[in-house]
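Structure first, commentary second.
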Amino acid sequence: MKLTCVVIVAVLLLTACQLITADDSRGTQEHRALRSDTKLSMLTLRCESYGKPCGIYNDCCNACDPAKKTCT
């Protein structure tokens with residue numbers, strides 16, 4: 001009977017500690033794991049089609065015409 005009471009009190013104490021720390025740390029995680037769609041978008045090369053402007057930040061699918069600064 002005493003052992004059962006000790007186990008119940010220990011479980012309640014651990015549960016309370018987890019709930020308290022979960023409330024305190026909400027939104028403060030520094031190094032969050034990237035979601036799979038974020039990882040995929042970072043790995044996907046996006047290119048601009050024909051006639052779109054190109055430059056340092058925009059990559060063309062084929063080539064960039066430096067005179068017109070458009071994709072060819």
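Placement of Cβ uses the backbone N, Cα and C atoms for every residue, glycine included.
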Could you identify, going by Swiss-Prot, the member of Cys47, Cys60 that forms a disulphide bond with Cys71?
Cys60
Which of these links to Cys61 by a disulfide bond in Swiss-Prot: Cys47, Cys54, Cys64?
Cys47
Say which of Cys17, Cys64 is recorded by Swiss-Prot as the disulfide partner for Cys54.
Cys64
List of residues, in chain order, with Cβ under 8 A from that of Cys61 (disulfide bond) and at least 6 apart:
Cys47, Glu48, Ser49, Tyr50, Cys71
Alpha-carbon distance [Cys60 (disulfide bond); Cys54 (disulfide bond)] in Å:
6
Where's the emptiest Cβ shell within 10 Å among the disulfide-bonded residues Cys47, Cys54, Cys60, Cys64, Cys71?
Cys47
